[in-house]
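Visitor: Have a look at this one.
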Amino acid sequence: MSGFNFEVITLFPKAFELINNLGVITKALDKNLIDVNLHDLREYGEGSYRQVDDKPYGGGAGMVLKPEPIFKAYESIRKLPKSKTLLMSPQGKVLKQEDFLRWSSLDQLIIICGQYEGFDERVRCLADEEVSMGDYVLSGGEIPAVSIINGLTRILPGTLGDPDSLIDESHNSYLLEYPHYTRPRVFKDMKVPDVLINGNHKEIELWRKEQMLNRTFQRRKDLIESQFSVQKHSDYDSNEWFWDI
């Protein structure tokens, strides 16, 4: 085992074949920067039919994942010293970029993917955190789990060819990223801004910061409001925060 360790408990391991076709993750796997192990819940199912779900007590629609297979799969995983267990759930805290930064200091993430109508409530005791992708419901936790593997992997040292590419990305500074342009200079009467052509790096930097602030204000004002709410309770100058982005 080498690099950052992901252990994923899932009923549909084939959903993770996607990671072998994602450039960033593939490179990290090839460099042994990460290790991804899948635990098929069906292998821990009960009886000759490998049952993993059952009808809910009290009635209701759908099927619920049984606790026994999930606990067996979880207990089969060798825990590393710095490890956290995530439960993918629409009831969880919405995933943010800062979560990737926080988890990157760990050695291991164990990710439990829900399915159907969810999982037996007793499974929650295994989790350190419950994580949601947003205020919507997917058919299972596999796609969110792939997103977590992708988002965390790309910030690990050695993954990206140019580490500086992370600096100005959307959400890394609580602002959305500035617009990007490449050749041709004019396309369908749409021109690249002159400031990006003139070679004045100070003007380019100022333009990019203005674009980040304007774009965030127009599209995600909540990010600015939350950041200034934090700064309001500290000695940090809000103008200094803007120039430090």
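Each Cβ is built from the backbone N, Cα and C atoms, and glycine gets one as well.
Residues annotated as S-adenosyl-L-methionine binding site in Swiss-Prot, with sequence analysis given as evidence: Gly114, Met133, Gly134, Asp135, Tyr136, Val137, Leu138.
Walk me through the surroundings of each of these features.
Guide: The Cβ of Met133 (S-adenosyl-L-methionine binding site) has 18 neighbouring Cβ atoms from other residues within 10 Å, across all protein chains displayed.
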Visitor: Report the same-chain neighbours of Gly134 (S-adenosyl-L-methionine binding site): residues 6+ apart in sequence with Cβ closer than 8 Å to its Cβ, ordered by sequence.
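Guide: Within the chain, Gly134 (S-adenosyl-L-methionine binding site) has Cβ neighbours under 8 Å at Val94, Leu95.
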Visitor: Might you list, by sequence position, any residue in that chain lying six or more from Val137 (S-adenosyl-L-methionine binding site) with a Cβ less than 8 Å away from its Cβ?
Guide: Pro90
